[in-house]
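The structure under discussion appears below in the form of structure tokens.
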Amino acid sequence: MLQEIAQLHTINSSAPGVSKENVPQKKMQRFHFDLWLCLTVQNWILDFGRPIVMIILPLEWFPLNKPSAGDYFHMAYNVITPFLMLKLIERSPRVLSRTAVYLCIITFVMGASIHLVGDSINHRLILSGYQLHLSVRENPIIKDLKPASLIDSFELLYYYDEHLGHLMWYIPFFIILFIYFTGCFSSGEEQKKVPLAGWLLLGPSALYYWYLVTEGQITELFLLTFVAMVAMVIFQHHKGLGPDSNGLFLFYSFGVTVFLVALWVAYLWNDPVLRNKYPGLIYVPEPWSYYTLHIKKSH
């Protein structure tokens, strides 16, 4: 009898423990202002800012045969960004696949590192007169190289920089953001509001994603991710759930980015040179190609 009473006491005392384990999944999810701010600031400085700092700083400080300031920015980006994304995944109220996250982070670092090498050489070519709005073989400093097989080497470098590096960098990047987004749904109305801090970050965040999409030439990948997010919102809505403050911030950022990309394409729709550089069904010129074609020539 005493043993049965002890077992009942054990069961009753363990019940609160079980409910406490479920509390983190049901409690209000705070807006991750610190992580979103760090991601936005370091994206602007270390990614968008690296080609600018390479152009601004005197060439004497960073000889062409040594890493430039932009290269060091890129190295820092390759370390800080995956760390911040892992911290973002850690704060998800939903348990996510560690295997998928680890594979994405590993691929992300490898792709960004490939891009680091290709982009470093590419920007040195710009300092030597390389024009981004022209193809590799059409560039004046490339087409007269001897032997002609050297041109193939530069085309391989371009492939690693603009194609393979970008795909291995951005595909896992957007997969991780989407995986995180799938855990940002709640039934509580008080959680479905973006705080003032989020609205202040929305513009800079969306503007950076615009740069990422246009300069990275990943319009199809970005649109596919956004469509998947829309489908997830509709699916969760039928279950009575909606995005929380973090999910709304990410969703609104992508939505504004779509609008900015559309404006950019409309602005350059009739540009014959860029049309020739970017043929195909989806026409989205790179900002740095626009810079070398229309801005650099005027200075």
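In case you wondered, yes, glycine gets a Cβ from its N, Cα and C as well.
Quick look at what TrEMBL lists:
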{"type": "TRANSMEM", "residues": "35-57", "note": "transmembrane segment"}
{"type": "TRANSMEM", "residues": "72-89", "note": "transmembrane segment"}
{"type": "TRANSMEM", "residues": "101-118", "note": "transmembrane segment"}
{"type": "TRANSMEM", "residues": "167-187", "note": "transmembrane segment"}
{"type": "TRANSMEM", "residues": "194-212", "note": "transmembrane segment"}
{"type": "TRANSMEM", "residues": "218-235", "note": "transmembrane segment"}
{"type": "TRANSMEM", "residues": "247-269", "note": "transmembrane segment"}
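In summary, the transmembrane segment (35-57) does not lie against the transmembrane segment (218-235): fewer than three C-beta pairs, each 6 or more positions apart in sequence, are under 8 Å. Distant neighbours of the transmembrane segment (218-235): 166, 170-171, 174, 177-178, 181-182, 209, 212, 242-243, 250-251, 254-255, 257-258, 261, 282, 284; these residues of the same chain sit at least 6 beyond its ends, with a Cβ under 8 Å from one of its Cβ atoms. The listed stretches are 101-118, 167-187, 194-212; of these, 194-212 has the most Cβ pairs under 8 Å to the transmembrane segment (247-269).
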